[in-house]
Amino acid sequence: MKVATALSVLAVAGSALASALPSAANSEKRQSDCIGPLLCCGSLTTPLDPLVDPILELVGIDAAAIVGSVGLLCHAYDDTCTSEPQCCTEANLLGGTLGLGCGPLEHGH
């Protein structure tokens, strides 16, 4: 019984990871979809990253429900940013320090 439960949990986690990882086809966002300003993020990771998942859990967020990347150490996008601007569509927490559902803007917008 425990093996079946463990396999079920792994199957659900695997499918959640696959759906949480952005694909090239749907990771681009329109600026009108963004919550808050465009962000310059220190790094982007999957919501199920072993370092990020416990943090999300502490603030009551189900990592498996996030569509897109998690932006870490973000701030409002400006001329000093060396990466492309990120549009976060699910949450912009702590002044952008943690952005949920992040991805690049559609080209041409």
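Note that Cβ sites are derived from N, Cα and C of the backbone, with glycine treated the same way.
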State the disulphide partner of C81 as given in Swiss-Prot, choosing from C40, C41. C40
Tell me, from C34, C74, which cysteine Swiss-Prot puts in a disulphide with C41. C74
For the disulfide-bonded residues C34, C40, C41, C81, C87, which Cβ has the most other Cβ atoms within 10 Å, all shown protein chains included? C87
CB within-chain contacts under 8 A for C102 (disulfide bond), separation at least 6: L39, C41, L44, G68, S69, V70, G71, C74, Q86, C87, C88, T89
